[in-house]
Amino acid sequence: MDISSTFLSSMKNPADLRTLGICSAKWLIALIVWQAHPYLGFAGKFLLGIVQCVWSFYVMTMVHNAMHCDVFRHPVVESVWRVMLSATAGVPVEAYRPTHNLNHHVYTQHGDHLDTKQMKYKWHLLNLILFFPTVFPAIQKLESEYISREMRKCSKTFFLFVLQVLAAHGTTGTLLYLDWQRALCCWIIPYIFGADAIVTMNVLQHDGTEDIVLGEHKGPNMNVNSARNFTGPVINWFTCNNGYHAIHHMYSNMHWTQYPEMHAKVIAPHNDPSLDEPDILRFLWRTYFWPGTLPAYRQEKTE
């Protein structure tokens, strides 16, 4: 058996070569921009900065997938992968679990820390762009409490988190030492945008959808109208099918390759068709920019 066959057999699903490729591409893009940075004008730095920010969001969707479904069969290899993913994302990926897996998936839109109904601005764009800074303190609190509990237990999760912190912040610290200006433009701003974007996806995917009944709507019994889906092929290729959100809430540990087919079989025949958006950019434009009208369900509770 050759090396490539051995590597593929170590993965739960060979399709995750795309996951590894997307993460590797972030390093390649960062290296190119880092080397080119001194020779670029404002326009070049701005355009490449946008590319890096968008790619950082793609990598954060890989973090999301990693916290639901392992990439590798062997737990040690999986742990090494998550440390490497933390260095790539710029944040320790284990910290994603208390906010997302243990909170958002359980209390969706019911006073959970990511409940979009807490945003009450009359200008709808503010409900989008201020969501992350609004919920960030609560996210930090959840993460701190979770890690403190794991530390008291001396759990594997805690020691893995420590390694991830060293990898993520060690990478950032090294780049700052080499050149703080380039580190800021080529690494720190993009990964902050990526973290912001993955959290703000809650607004796009859940704001204005139907509430779930706690304890009743879970697993296969999830309310199919409790999430908005983005079904476009481009966004789903680069995010490994993160656009199919209702089926993800229904079967959160299913591998991402199964979501399009399961969405077509389980969600599409029964959900409100308006919750299946074919183009995420058009949705963003008309919902928050032009006309950007405040939805009727928000007009009685705005500031």
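Numbering starts at 1 and runs along the chain as displayed.
Note that Cβ sites are derived from N, Cα and C of the backbone, with glycine treated the same way.
A quick note: this is a predicted structure, and the numbers were derived from the prediction, not measured.
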Range among 19-38, 79-98, 159-178, 279-298 that TrEMBL annotates as transmembrane segment: 159-178
Stretch-averaged pLDDT - the domain 'Fatty acid desaturase' (44-266): 97
